[in-house]
Amino acid sequence: YPIGSVYRQLKGGATQRNLYIAFTGLSIVAFNYGTDIYHSLLAVAVSFLCNTFLGTSRLLVPVSFTYHMGYLLIGYYYTTSDTYDIKWTMPHCVLVLRLIGLAFDLSDSRKKEADGKPDAKCIPAPSLLELIAFTYFPATVLVGPQFSFLRYQRFIAGAYESHTQNAPAYATKKFLQGVFYLVVNQVGTQYVSDAYLMSSEFEQESLFMKHIYLGCWGRITLYKYISIWLLAEGAAVIYGLTYIDAKPGDREYCSDELSGCSNIRVGVFENTSKYGHYVESFNVQTNTWVANYVYKRLRFLNNRMLSHLGALFFLAIWHGFHSGYYITFLLEFMVIRMEKEVEPIFAKNEKLQQLLQQQPLLRALVFVALKYYTIVWAGWCLVPFVFLSFHKWWHIYTVVRFSGFILFISGNIFLAPILRAVLPRSSSTARAKTEAAPAGAPAATAEVKKDN
């Protein structure tokens with residue numbers, strides 16, 4: 001925050017700004033990781049060489065991707081223990097995504113130019129100084145969030161300055177939110193800690209209370225991540241990096257919106273009514289990165305489910321080799337798939353929707369049930385991600401009798417067919433499908449399959 005405040009007072013051009021950002025960012029990494037800074041310096045050097053000599057080649061992305069991911073995974077292999085490791089690999093995993101994303105963006109830009117269709121999103125290869133400053137941006141170098149070189153280029157050029165006059169106030173808001181969540185996390189872990197879930201006392205609790213504890217523990221654990229991301233976002237806001245200069249989709253932003261690097265949507269997170277809301281609100285910039293550079297690039301598979309699995313596998317291996325990562329993202333896939341099957345059945349049943357409108361008590365019961373579902377089972381799914389090692393998360397799942405596996409596996413297989421039988425289609429929905437059918441075609445065959 002102080003470094004960002006000084007930056008706002010800087011007078012000078014892009015070179016002076018890049019020098020300040022590069023020096024302060026390098027200093028932060030050196031202070032935290034000492035001589036291990038050479039890992040990230042080597043990554044920057046390799047990226048610069050790739051961008052310079054392979055900038056117009058189809059090999060740019062494969063070489064950059066292979067080198068950066070390979071180096072990170074080798075680092076995991078030599079540094080990983082049974083617990084979370086705050087070592088050079090932590091900021092390096094942030095750096096890897098940033099530099100791979102840059103390679104993709106450069107490759108896309110050269111392709112557009114070769115096709116004679118350049119646009120405002122095309123970027124030039126950064127100079128060495130620009131690359132260092134982009135990579136070591138002080139507010140984001142340790143824990144993210146991710147942002148593109150296009151955003152950094154516009155920021156350095158001063159394109160955002162007229163829109164960031166209120167940045168200090170907005171940054172203060174994010175800082176205070178971050179402190180609040182950090183305090184809740186630190187206090188909460190005194191009552192529901194990781195150690196308690198491994199204890200004999202936890203084993204003695206009733207099955208219902210075990211799940212309640214898991215939900216509370218999971219929520220408090222997630223607050224740790226939320227607090228750090230809010231604090232980091234506030235620092236990025238101070239610099240003026242986070243202005244939204246576009247209107248993605250149909251959503252309208254105010255002229256001075258500063259949430260362009262938000263990694264957590266607090267309102268969505270705190271009002272979750274389905275697991276999908278966690279995906280929408282949590283680690284937003286990393287999820288956006290994976291959607292743009294992994295999920296969409298797998299369209300050649302011509303299958304959304306395979307693309308989804310590929311994206312989640314990338315996220316798992318990007319985190320490391322612990323079995324817990326892979327189980328967590330597999331559970332995410334199962335839950336999201338179940339929700340996508342089930343949610344439309346409820347939403348399209350007019351009688352049920354009318355009943356919910358007319359019965360406040362029923363709405364309250366549904367609200368409580370959904371809160372139990374989202375909080376308790378999110379905690380259940382988080383267990384492997386936090387405990388990492390097989391013997392730890394397997395022990396906890398044994399204690400709670402593998403309830404989540406039973407729920408999500410059976411839910412994927414049986415829940416949607418049962419609900420379709422119990423909650424038949426509304427008459428208006430069936431009539432619309434009948435009218436949409438080709439002449440002579442039975443109504444049951446009139447559904448249009450989505451193209452993968």
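Backbone N, Cα and C define each Cβ position, glycine as well.
Here TrEMBL flags 431-446 as compositional bias 'Low complexity'.
Sequence annotations record features per position, and here TrEMBL assigns region 'Disordered' to 431-452.
If you look up TrEMBL, you'll see 59-77 (among others) marked as transmembrane segment. Within its own chain, the transmembrane segment (59-77) has Cβ neighbours under 8 Å at 39, 42-43, 46-47, 50-51, 88-89, 92-93, 96, 99-100, 103-104, 106-107, 317-318, 320-321, counting only residues six or more beyond its boundaries.
For 222-241 (among others), the entry in TrEMBL reads transmembrane segment.
When Cβ-Cβ distances below 8 Å are used as the criterion, the transmembrane segment (309-331) is approached by residues 69, 72-73, 76-77, 80, 93, 96-97, 286, 290-291, 294-295, 298, 301, 381-390, 392-393, 404, 408 of the same chain, each at least six residues removed from its ends. Marked as transmembrane segment by TrEMBL: 309-331 (among others).
The transmembrane segment annotation in TrEMBL covers 361-390 (among others).
Sequence-distant contacts of the transmembrane segment (402-423) (same chain, six or more residues past either end, CB-CB distance under 8 Å): 207, 211, 331, 334-335, 337-338, 341-342, 345-346, 349, 352, 377, 380-381. The transmembrane segment annotation in TrEMBL covers 402-423 (among others).
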